[in-house]
Structures are given as C-alpha cells and as structure tokens.
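**Student:** Copied straight from Swiss-Prot:
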BINDING   HIS119, HIS123, ASP307  Fe cation binding site
BINDING   MET141, VAL142, SER143, GLY144, GLY145, ASP174, GLY187, ASN279  substrate binding site
Amino acid sequence: MNEKTDDIILAFESSADETSAAVVKNGNTILSNVVATQIASHQRFGGIVPEVASRHHLEWINRVTEEALTKAGINDPERQLSAVAATYGPGLVGSLLVGLMAGKTFAMVHHLPFIAVNHLAGHISAANFVKATVYPALAIMVSGGHTELLWMEKENTFQIIGTTLDDAAGEAFDKVGRILGLKYPAGKEIQEMAGHGKAVIKFPIAHTEDDFDFSFSGLKSSVLNYVHHHEQVSEEFNRNDVAASFQKAVVEAITEKSRLAIEKFQPKELLLGGGVAANLALRTAFENLSKEYKIELTEAPIKLSGDNAAMIGAAAYLNYKQRLFAPLDLNVDPSLNFARM
C-alpha cells in the first residue's frame, strides 16, 4: 500500500451490542469491516443488558481491531493511516466507553488525529458506499433506538425535522416480537411471518401534533390488546396476520411522514438507513415513494444496515475533510443527537 496516497481511517463502533472495527478508504471503500455480535448473550433477557454488553466489548475489541488491520493490509499504522475514529454517542455509556477508549488510545500511540463520530451520522453515511449523495437530501434513520427524519442541506449537516415521541420503530418490532413469543431481536422473524400472513387487522397509525413526528407506543399497545383479548376468550388468531398488519402499520407511518417532508422540503435525494432499513417492506415502500416523486433514493446496503464500524469510517471521512478533529480527553455522550430544525 502506498504511503497515504488515499485517506484511510481506522474506525471503531461499540454503542450497543456489536463490537466492530473497520478500515475505510476515502469514505466510500471498505478495506475491512469486522463485527462481533452478542445477540446470543442477550436473547434470554429479551433485550440488551448493558453490563453484559460492556463485558463482551472488552473481550472482543482487541481481536476485531487486529483482524480489521490485518485484512486491510495495515502493518504500519502511522504511515498508512490518516486518522482514527470512534463512535462517542448516542448509545449505552459502558459500551461507548470501550470503543472510544480504543480509538483514542490507538490514535495517541500512533500519533494520528482522532475523529469523534455521531452514531446516527454513521447510519446515514452508510449510503456513501453506494454513491455520492446529492444535496439537499432527506435522510430517514430507522433503528432500534431511533426513528428520525433528518434534513441535510449540504454534506455533513444534519437537522431533525421529525423524531419518535416514544418507542423507536425497531424497539416496537422487538416488543411486538415479545408479545408474539419471538426471540430478540424480532425484526427479521416478524418480516418472515408477515410474508406468510395478510395485513387484514386495522392497527392504528398515530397522528402527532407535529407533522413529522412519530409515535409507535399506541401501535404496540393495540397489538398487545388484540393478542390478549383473543387469548383470554380462547379465540384463535393468525400470528402471521398480526405480524403482517403490524409491519404494514409501521411502514405506513414512516412513509406517510416522509411523504409530508418531501412535499414541504423538496429534497433532491432520499437516504434510508438504520437497522430497520433492512426490512424489505420498508425498502419497497420507499422505492415506490421515490418513483412517485421522481426523487433518487439511496438505501444503505442491507449488510451495512446494522451497527458496524465501516459506516463510522464513512461518517468520519466527512469530518476528516473538514479537519474536524476531537481532543483526546473527549468523553462519551449517551444521549447525543442532532439539533432540531
């Protein structure tokens, strides 16, 4: 590898239950992306246990780092790397600390600039592995912890125009999965069940005071009431139909709010990212929305929809171009978010 002919960044991600390190070139090419998942450790609890997650991160952070560097052919970091990046929020405080400390330590030891990355910017920046974004753009970020509409007037700028008032879409999937007796995380299994069912149950879509905000707690409660009612009166019901109807309600809620935002802000491109962006029904709905409004749509690749360090490297590159470096005494920010428009 030639000496810094490209901008190459080593990135870390550990905000929740994935321990990941990646090496990314010029913000759009993955040289390596290693992810160690903890799903099996959290399944019996029905969700992420912060203490368990932190312990796993500590066990895996050095291993994923070594593997990422080896796969990318990095044997002289100070010469071959341009910077080091890590997620510093939002997320679980103990989990965030592991990746942030790994990144800051690596940067200090190898005399490299350090870049702090907003996890949400990472999810949106995963689209850069597909193509360069045309601005202004409307980003739809749908994950386990966040559901947001973000206005991007230009590169590396994010303003919230809509957010969830309670449960995030991914959280609603997991809670409904629990109601249906599914293992955590439930998103993929609900999608599979929905494919075998019919969306014949009319679950409500919340109408919020702000045109662009979301609410999924009422939908979750409606599913719970439907299932409990049928169980209490010993009346059979089709679980696949429940899954299909719930999924349809979530997809409609997200696309309808996005439709309103498209009509008001007139973006040149739509970006879809986050773990729930792997849902095929949601992707199809946005592909149809894109065609309807004749706006280009870029979806994060399914394999990069979940938490991973490659997306952090893509977001870090945008900061690197602007020389937005962070001090090595930076701390984590578990509740980090963008400013509201």
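Just so it is clear, glycine is given a Cβ too, placed from its N, Cα and C backbone atoms.
Are these features on the surface or tucked inside, and what touches them?
**Tutor:** Other Cβ atoms within 10 Å of the Cβ of HIS119 (Fe cation binding site), summed over all protein chains shown, number 26.
GLY145 (substrate binding site) falls within neither a helix nor a strand when secondary structure is assigned with DSSP, and so counts as coil. Sequence-distant neighbours of GLY145 (substrate binding site) (same chain, 6+ apart, CB under 8 A from its CB) are ALA16, PRO90, GLY91, ALA168, GLY170, GLU171.
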**Student:** If I take the alpha carbons of GLY144 (substrate binding site) and HIS119 (Fe cation binding site), what is the distance between them in whole Å?
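**Tutor:** Just about 12 Å between their Cα atoms.
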**Student:** Round to the nearest Å and give the CA-to-CA distance linking ASN279 (substrate binding site) with HIS123 (Fe cation binding site).
**Tutor:** 15
**Student:** At the level of the C-alpha atoms, what whole-angstrom distance separates ASP174 (substrate binding site) and HIS119 (Fe cation binding site)?
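**Tutor:** Per the Cα atoms, ASP174 (substrate binding site) and HIS119 (Fe cation binding site) stand 21 Å apart.
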**Student:** What Cα-Cα separation, expressed in whole Å, is found between HIS123 (Fe cation binding site) and VAL142 (substrate binding site)?
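**Tutor:** Counting only the Cα atoms, the answer is 9 Å.
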**Student:** To the nearest Å, how far is the Cα of GLY187 (substrate binding site) from the Cα of ASP307 (Fe cation binding site)?
**Tutor:** 15
**Student:** Measuring CB to CB from SER143 (substrate binding site), give everything in the same chain under 8 Å that is also at least six residues away in sequence.
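**Tutor:** Looking at Cβ-Cβ distances below 8 Å from SER143 (substrate binding site), excluding near sequence neighbours, one finds HIS123, ALA168, ALA169, GLY170, GLY274, GLY275, VAL276, ALA277.
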